[in-house]
């Protein structure tokens, strides 16, 4: 009788440990068996859904039109075919891609009162968002280097920042971002989930997915934060180094007018850097610190919608070349 009880006790212990990991109403499955996830969004209040839809649709359209206008202005004026504006047009393209990766799905869910996203759609969001966010981070670093060369080596600027180097810098940025996005994809695709996966966010956020997984994610969590630190930290260090060199070079100039002109050429880029890395740091810290997962969605709104919407205004309002070209296009149409 004792020999029969011992295996039964072991079996009961194994099942107890299994249900501690996945609640009773959840059945462990391999990720390939999960057909869809559920994005809980920013609020469950039905009265807020039309307001959120109108707000995010307006911001998305402004972001799209503003960044497309920047690309149109730069491509239509030969005087703007310089390294700085070449990088700016690529930055606008990255902004469009970041917003398009997440906001259309959110708008569809708000309009149809649905919260579902397919497994393939969720993986696509994770992959493309990490791709374009990483690309924007690296492009901002490249633009800081461009300003460093323009201010510290003005006589050799066009020789150093030749078209071949500019294209190489953009392609390298894209290749590094693609590599990190593939790492994100591989990590997420290896996770095992329970059924009825509810993500307290308006997008498929990797830290949230790791928290909801039934499998052991300790290694994945360390790896994903390590990648985030590398992809965000190294470019930010490059930007800080560039601006330390720029500021020390400007301070050596005796003319106040020359100082003002040098600072004005960096003002727009510095504003975008602060906006991008400020919101990015907010997302990074909120996922690690905040107890309520939904509160972490607020910095993500800034990161995916507000920053791409404001970037065209920052560059156009502070840039005489873009403003003059824009007025020429408007007068030509009128």
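Even glycines carry a Cβ here, placed using N, Cα and C.
TrEMBL lists transmembrane segment at one of the ranges 13-33, 265-285, namely 265-285.
Below 8 A, the CB atoms of the transmembrane segment (165-187) and the transmembrane segment (265-285) form no more than two pairs separated by six or more positions in the chain, fewer than 3 in all.
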